[in-house]
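Over in TrEMBL, the protein carries these features:
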BINDING   Met39, Gly189  substrate binding site
BINDING   Arg115, Thr162  ATP binding site
Amino acid sequence: MLSINTVRQQNPIVLNISNTVTQQRVADAISFFGGSPIMFTDIEETKDLLSIAQALVINLGSVNEHSLSQAIEAGQVANRLGIPVVVDPVAVAVTKVRRQAFQQLSAAVNFTAIRGNAGELAYLAEIDWHSQGIDAGQGDLSQLSLIAQKVAQRYHTFSVLTGPTDYISDGNIVQTVANGHPYFQTNVGSGDMLDGILGVALAIENSLNSLSWATGIFGLAGELAGKETPSQPANFIPAVLNQLHQLDDVTIQKQVKLN
């Protein structure tokens, strides 16, 4: 089990190349979970910042020529230093620019984990799916476990497929998490928040179980927050952050639904 007490004691630094829409939410999620976030946009800072960081999170939600160059440079430095790299291929199936950006990044950088929704990861797994912009869209739900497994196999990485049930795979084993709340889908940036939390988890322990527990902890925070904010989706994210700050290892052990 990933210990929240250990996370808070170690307070790992997570470096982020962020989606401009969600930077504050990601920084808050990392901080309330027990990590220390740094956001950066200047490629000249890459080596200095990675010399003090324990994880790198790359979000392609606002990708352009500059941010892609920055991501490749940072990813390669992280690889050389043995620092885990989390990548979120936001809406990768939707535009040629995003597809090419991910292809260039994946050719240049070894990923530790890829986190995305069903539509995004189905595209990477080359399994038919109808994506809906940044949302998961529609497809054969019986394929979700296979999608997670194939992405992990194809990119030699861990994969985290998020949705009503989350699927986490190393290409062989597929674990599931059944915590969460529908308001995650309503609030743009919820997945990006999880990206940051996964970075924290990998900084503590680079393993499938660490990713699964981190996913479960975030889902549990949402589950508990949803009970506090019925019919109040705009108040949901602050409640999630409060739960991340308050959760303890005993509650996590009892209430995370990990299989």
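A Cβ is built for glycine as well, from the same backbone N, Cα and C atoms used for every other residue.
Keep in mind that TrEMBL annotations are predicted by a computer and have not been checked by a curator.
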Hey, does DSSP put Gly189 (substrate binding site) in a helix, a strand, or just coil? coil
I'm trying to understand the geometry here, so how far is the Cα atom of Met39 (substrate binding site) from the Cα atom of Arg115 (ATP binding site), in Å to the nearest whole number? 19
Measure from the CA atom of Gly189 (substrate binding site) to the CA atom of Thr162 (ATP binding site) and give the result in Å, rounded to a whole number. 13
Cβ neighbour count (10 Å, all chains) around Thr162 (ATP binding site) is 27
Cβ atoms near Gly189 (substrate binding site) (within 10 Å, other residues, all chains): 21
